[in-house]
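In what follows, a structure is listed as structure tokens, so that the remarks can point back to it.
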Amino acid sequence: MDQALDIDRCDLEFKANNTEHHTEQNGVDRLIIRRGRPFTVSLHLHQSFQPQPDMALTLTVRTGPLPSRESGTMATVNVGDAIDKSRWSGTVSAQTGQTLSLTVCSPADAPIGKYTLLMGQTKAVSLCEFVLLFNPWCRRDAVFMENEDERNEYVLSQDGVIFRGTPPRFKELPWTFGQFEPGVLDICLRILDENPKFIHDADQDCSARRNPVYVTRVLSAMINSSDDRGVLMGNWSGDYTGGVKPTFWTGSGDILRQWNENECNPVRFGQCWVFAAVVCAVSRALGIPCRVVTNYGSAHDTDSNLVIEYMFDENDEDIGDDSIWNFHVWIDSWMARPDLNEGFNGWQASDPTPQERSGGIYCCGPVPVSAIKDGELTVKYDAPFVYAEVNADVVTMVRLKDGRTVKLDGNTTEVGHHISTKAVGKDERHDITNLYKYPEGSEEERMVFEKAKHHNKLLKSGEEPGVHIKIKIAKSTMIGTDFDVIAVVRNNSPTPKTFLLMFYARVLHYNGRTGDSCGFTDVSALKIEPSQETSTPLKLEYSLYGPTITDERLIKLKVLLIESESRQFHKETKTIVLDSPKIFINIVGVPKVNQKLTADITLLNPLPVPMHECVFSIQGIHLTGGQNIVHKIGTVMPEKYATAKVEFVPSSPGRNKLVVAFNSDKLSNISGYETIVIKD
């Protein structure tokens, strides 16, 4: 029989428990714990506790709307002499007068989520509610991470840097993940409850939440809204009427709160880095170590043959389906993979951007990064698609007006390079290409291609030897200015050659799709003597690229060279990212808690035309009270400064970032930050 207690009140010791469980950043007004680690509750009784023979104190924990012992969403245990960390257990840890302290511990594989703790069976009394999270500090948990600095970066850090642009001009986007902001954790749990698997079978779904692989796959589907009541709607059209331009977002918290407040209607709009940043915030909130990853030259293989097949007509119009995105962003999550053979624990890639269906829904992963590197394409989940993103081969074809198709070239190194993530503890780029693939052309890479049955591996053959094309860029490519790009053609063959040269410039979207032309020149009879070279300039004028340039400020250059006699084709491409003006941030005042600071913010208008609807947005964890401060400026004339003075009061000591974003009608997606060390 279970022994009843006359309980006056229950002290959940929020501060001590949450600090011990590394959840104090969520606040100390509720109990938030991590699995596999004990926590303590103190029962204040109306009278002293007297153990009764043949009677026991019993505890029951339950989660989900239909808890059951069979599914592991409910457990009842007798309070014993010691904690058994292999299952739910409890013990009396202290007894003083009318106060009885109980220590309770979950197994390291318990389902995460909201729980109720009850005492007794026949007349159960609810003691408390608590939230149980994954535990990267527990060796028995599937998400255990050994290194403390990595745990601080991939679980506890609320801000980071996302890399965009194009190598070597990487563009840093400071981002506020905000996983510990008020209300965010409950929103993350609501995302799990809105997924179709929960709606179909709530208890089975809650039971499966013990597995970080399952949770990560659910999040991959739920962050996009293509199949369900997901968080974000994607938009790559350039028309963002009725929503927010993806480049305007600087933090995950605003997106999550908007989704929650709008009754789970998708937030408009997101693109790949926004999808990845939101799922990173949710993963960290739930306790899964997570990082945002950028892949440059990222392939989208629509027919699953591991080859990107470019097809153009004679006017350089893309008439194919495959594409290579200038960059694409996804996440890596850290976990064990007991569902697979040995060797696949560690970082797992997953991609919430809706591209292709997996299992009937738009999601991707998680798949072990080590499996991608070693070409193990039978490993779950979606290995062929991710493998192609970083390691597909490329063939370029031209369809002539007479219907014939001419091969321009083949390339085995264009896809998957400079794979980047934020360095641990530093706002610097960390190159992790070696985790995803072996060096191009190495013996290991060849073996991997064989293992992956990459039988259509292309050889660089059929190109006339000795003809080389380079595209040179001006030192300064500041948006708003006119500048030259130069096609340099060198003839190292022993005979003179005559060419038709065509030099194209087109606005480029980050997903690899080209937009309007912003420059063209051609030379119909370019004669080059042996061992000589010639240069052909193309001026890029703001009057041409300015009206259609995207917020990413990308321009794709292409040189097409046709030998007059042999009709052999040569091609060279280069993507450039235009320089953008810097936001200068000067902090005035003494950086102390509860002491007002002022940020003097300036940005020079580099355009030859006025910028209208100029606005600065300022945000910082523990700096701006969780709010996004908007400072409207209006119109800024050419070569004049946009300026703002913004006051804020730090609420907590520590190292924090003040993130500033600038947007206007003609120049957007400009961001900067200032690191501030706040003292007590």
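Every residue, even glycine, has its Cβ placed from backbone N, Cα and C.
Annotations in TrEMBL come from automatic prediction, not curation.
Marked as domain 'Transglutaminase-like' by TrEMBL: 264-354.
What TrEMBL records for Cys272 (among others) is active site. The Cβ of Cys272 (active site) lies under 8 Å from the Cβ of Trp325, His328, Val329, Trp330, Thr353, Tyr510, Asn511, each of which sits 6+ residues away along the same chain.
Annotation source TrEMBL lists active site at His328 (among others).
In sequence order, Ser220, Ala276, Trp330, Ile331, Cys364, Gly365, Val386 make up the list of same-chain residues 6 or more apart from Asp351 (active site) whose Cβ falls under 8 Å from its Cβ. Annotated active site per TrEMBL: Asp351 (among others), in sequence order.
If you look up TrEMBL, you'll see Asn391, Asp393, Glu440, Glu445 marked as Ca(2+) binding site. The Cβ neighbour count for Asn391 (Ca(2+) binding site), using a 10 Å radius over every protein chain in view, is 24.
Annotation for Glu445 (Ca(2+) binding site): same-chain Cβ neighbours under 8 Å, separated by at least 6 residues, are Lys437, Tyr438, Pro439. Mapped onto DSSP helix, strand and coil, the domain 'Transglutaminase-like' (264-354) counts 15 helix, 41 strand, 35 coil. For His328 (active site), the count of additional Cβ atoms within 10 Å of its Cβ stands at 26 [all protein chains shown].
Summarised as a single figure, the pLDDT of the domain 'Transglutaminase-like' (264-354) averages 87. All chains included, 14 other C-beta atoms sit within 10 angstroms of the C-beta of Glu440 (Ca(2+) binding site).
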